[in-house]
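**Q** As annotated by TrEMBL, domain 'Thiamin/hydroxymethyl pyrimidine-binding YkoF putative' applies to A:4-83, A:122-200. Summarising the annotation, TrEMBL assigns thiamine binding site to A:Leu9, A:Thr43.
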There are 2 protein chains.
Amino acid sequence: MFSGAQISLYPMADEFVRIILGSLSALDPYRERFRIETDDISTLLVGPPEELFPAMRDLHVAASRNGVHCVLHATVSRGCPGEPDDPICTPIQGRTSDTPLAQRITDALKAAQGAEPTGQIVAAQLSLYPLGAGHHMDEIYGCIDFLKQSGVFGKSKNFCTTLRGDAGPVFATLGEAFLRFGSPEGHLALDLTVSANSPTSA
Amino acid sequence: MFSGAQISLYPMADEFVRIILGSLSALDPYRERFRIETDDISTLLVGPPEELFPAMRDLHVAASRNGVHCVLHATVSRGCPGEPDDPICTPIQGRTSDTPLAQRITDALKAAQGAEPTGQIVAAQLSLYPLGAGHHMDEIYGCIDFLKQSGVFGKSKNFCTTLRGDAGPVFATLGEAFLRFGSPEGHLALDLTVSANSPTSA
């Protein structure tokens with residue numbers, strides 16, 4: 001198993017460098033369990049799939065403090081056959097490949113329920129890509145069913161789905177989308193945009 | 001066939017609204033052939049697959065004027081079985097599904113050659129997702145072979161590949177990656193980040 005994300009923060013402010021550097025301490029509680037590498041385009045997080053979305057939540061909420069319009073983008077992936085297994089990327093817990101889709105929707109709703117609010121409202125947009133499977137649209141439609149019932153559903157758009165609400169339940173819902181759809185051992189990618197404090201928010 | 005992109009511009013400046021609005025006229029030459037819809041997270045472009053990358057290039061170069069650090073992100077898609085066919089999305093021209101991978105690499109290199117420079121240096125990061133196919137990694141590796149020979153190859157990273165150079169050849173290369181890999185009628189998505197004027201550029 002190999003799981004991780006390439007993440008970027010875009011604070012729409014002249015002081016973007018200071019804002020980005022000032023938010024990085026939000027990753028401190030995760031550093032021990034992640035490999036982290038930064039270049040000029042994105043920061044790689046490699047580590048346990050269950051911890052990716054909490055880490056991204058804490059980073060984005062920290063960078064969005066004081067009302068700055070700030071977007072986080074992430075290319076999230078697990079099970080890519082082109083990447084070596086990494087012992088820091090534990091398999092997804094309590095999952096078997098024969099759990100039916102309807103059961104996984106119920107499990108995802110239960111797991112995302114009661115997520116702690118952060119006080120930061122966000123809008124998120126995600127596209128889920130289950131790769132190498134013949135029935136990728138079934139998994140995508142199943143995931144969209146889950147998102148519609150999640151309590152933070154925004155709307156369906158071409159190529160993606162949006163969520164709206166407090167960053168706590170929104171990132172919890174995103175995490176369940178990543179963990180429970182597509183084969184547990186298969187290759188799955190998720191293209192994610194999360195926006196805070198947009199002056200044109202709906 | 002349905003093809004298009006959800007695109008977002010992130011100028012890292014206090015005047016981000018003025019910069020975004022000031023760049024939109026760069027889309028004027030394309031408006032007639034595209035359906036364009038904007039909300040607070042992204043702008044949808046639906047139209048001919050060959051024109052998506054030139055339109056994104058012109059928009060990003062316009063928003064990056066005067067040295068502002070500006071990122072464009074796009075979720076690009078074609079052939080999604082969940083979308084209705086749209087007459088404004090013409091099929092990809094001169095392509096048949098039986099062209100071998102090696103020939104497509106040669107064709108892509110030839111087509112991207114001699115792209116007009118724009119004067120704007122950019123760094124790009126892309127992930128290609130051929131969906132619903134059994135051999136998605138073959139198409140991905142074929143595309144990476146093409147990118148390595150493109151003259152604007154940056155480096156291979158986990159989950160993605162980077163390109164560096166003038167926006168002209170970089171976007172031409174990205175367009176060929178989108179048009180020539182994966183089945184011509186199949187479902188293909190591309191997760192794209194393009195960055196200009198980063199203070200930490202490599």
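Cβ coordinates are placed from backbone N, Cα and C, and glycine is handled just like the others.
A quick note: this is a predicted structure, and the numbers were derived from the prediction, not measured.
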**Q** Would you mind checking how many other C-beta atoms are within 10 angstroms of the C-beta on A:Leu9 (thiamine binding site)?
**A** 24
**Q** DSSP helix, strand and coil counts for the domain 'Thiamin/hydroxymethyl pyrimidine-binding YkoF putative' (A:4-83)?
**A** 36 helix, 25 strand, 19 coil
**Q** What are the DSSP helix/strand/coil residue counts across the domain 'Thiamin/hydroxymethyl pyrimidine-binding YkoF putative' (A:122-200)?
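**A** Computed counts for the domain 'Thiamin/hydroxymethyl pyrimidine-binding YkoF putative' (A:122-200) are 27 helix, 32 strand, 20 coil.
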**Q** Around the C-beta of A:Thr43 (thiamine binding site), how many further C-beta atoms are within 10 angstroms, looking at every protein chain?
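**A** Excluding its own Cβ, the number within 10 Å is 18.
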